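Following: one structure in structure tokens, then a few remarks.
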Amino acid sequence: MIPTQGKKKWMQLPRDVVVGPDVIYDIKDVCDDLKLREGAFIVTGNNTKKIAGDVVFDLLDECGYEPAITVSKEASMAEVKKAAAQAQEANSKYLIGVGSGKSIDVAKLAATQLDLPFISVPTAASHDGIVSSRASIHDKGKKASIEVNAPMAVIADTHIISSAPYRLLAAGCGDIISNYTAVLDWELAHRLRNEPFSEYAAALSRMTAQILMDSPEAIKPDLESSVRIVVKALVSSGVAMSIAGSSRPASGSEHMFSHALDMVVPNSALHGEQCGVGTIMMMYLHGGDWKKIKECLEIIGAPTTAKELGIEDRYILEALLVAHEIRPERYTILGAGLTSEAAEKVARLTKVIS
Ligand SMILES: NC(=O)C1=CN([C@@H]2O[C@H](COP(=O)(O)OP(=O)(O)OC[C@H]3O[C@@H](n4cnc5c(N)ncnc54)[C@H](OP(=O)(O)O)[C@@H]3O)[C@@H](O)[C@H]2O)C=CC1
Ligand SMILES: O=C(CO)COP(=O)(O)O
Ligand SMILES: [Zn+2]
């Protein structure tokens, strides 16, 4: 993974966080509140254009805010360049990311490059990038976690999000639960490497995961209350990253494992799903209660095995062996790397592979 960019001197948080059913229709009010009117540039995805991108376009068009729209197919630097060039061409004044992780990340980085405000309109609660001041972008065969400006506003329509495939919501839970091992890794780096540590960011991140772990049965398909719980947790997790000025409170060894999988597997699973499975194994390495993590993910209906991820066992082992190289500057329980015997042991003992 390409090293993250330098830390901001101040903490950036969204000004407006709007969560609830049909809040997509509040887009004009939110834009007005932020003094953003003409010149919206919408970045959306192939599926999410029909679900929400066109709705945002029409709402802003109706009030004369002259929106423009583009469809982004992947979270790559090429797509960021394309979106930024189109926004410039359209003389846009602000960007809106409408959709899943990739559309939001493309819009977030393009807005930062153009020094324009950005609004996040997630259509799924699948990861904490919906609110974070980070963008995960592929460039030259590698993934970079880049520091960007935080969204000025987040509009999470729980009606739209509850209609998304349940798999996406369960993946969001995996991304939240992964905060446990991320914080353990951070504490380890603080103790062994004297790495700067924020008690406040760590406590917020841990508490966010704890809320979910305490009542995993509250997360069910087709339940708007479940979506609310997950969206709020994702917002807290994003805020923890903003406080820390890095993704440290929400991304440790389990995320390195997920990023490694993205590199070694031709068709990897969802980010949050992989992070959830990574958390089971990294918790085992930390000597913690990995069974509780597994049980909680099972109750939620998130994958806990390679088979459920749709990934062959050999790729799990391959990813475990290279995960420590993903971000060498970030010290974690993986240390200088696992031996192949240790990798096989952790994957088998936790029943991730059979
Ligand atoms: N910036 C950050 O801090 C973070 C960034 N990330 C990044 O986010 C990405 C993962 O995002 P994730 O959302 O999990 O996966 P994807 O962006 O790959 O989206 C998954 C799929 O879900 C579809 N989708 C989204 N919403 C709906 C809906 N309401 N109904 C039907 N389909 C829908 C998308 O359609 P469509 O084709 O329209 O997009 C897409 O095909 C990764 O690139 C990851 O690195 C992850 C964590 C944090
Ligand atoms: O996914 C994230 C937090 O959940 C962002 O972390 P990365 O810095 O590893 O991309
Ligand atoms: Zn994540």
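Cβ from N, Cα, C; glycine included.
Note: TrEMBL annotation is automatic and uncurated.
Annotated Zn(2+) binding in TrEMBL involves Asp175, His255 plus, out of the candidates His190, His271, the residue His271. Site annotation (TrEMBL): substrate is bound by Asp175, His259, and the candidate from Asp128, Asp139, Asp214, Asp222 recorded at this site is Asp128. What surrounds the glycerol site, by Cβ distance within 8 Å of the Cβ centroid and not counting Asp128, Asp175, His255, His271, is the set His127, Gly129, Gly174, Ser178, Ala250, Ser251, Ser258, Gly272, Cys275 from the same chain. Of the recorded residues, His255 (glycerol binding site) and Asp105 (NAD(+) binding site) place their C-alpha atoms 17 Å from one another. Recorded residues Asp128 (substrate binding site) and Asp105 (NAD(+) binding site) have their alpha carbons 11 Å apart, per Cα-Cα distance. A simple way to gauge crowding: the CB of His259 (substrate binding site) has 25 other CB atoms within 10 angstroms, across all the protein chains here.
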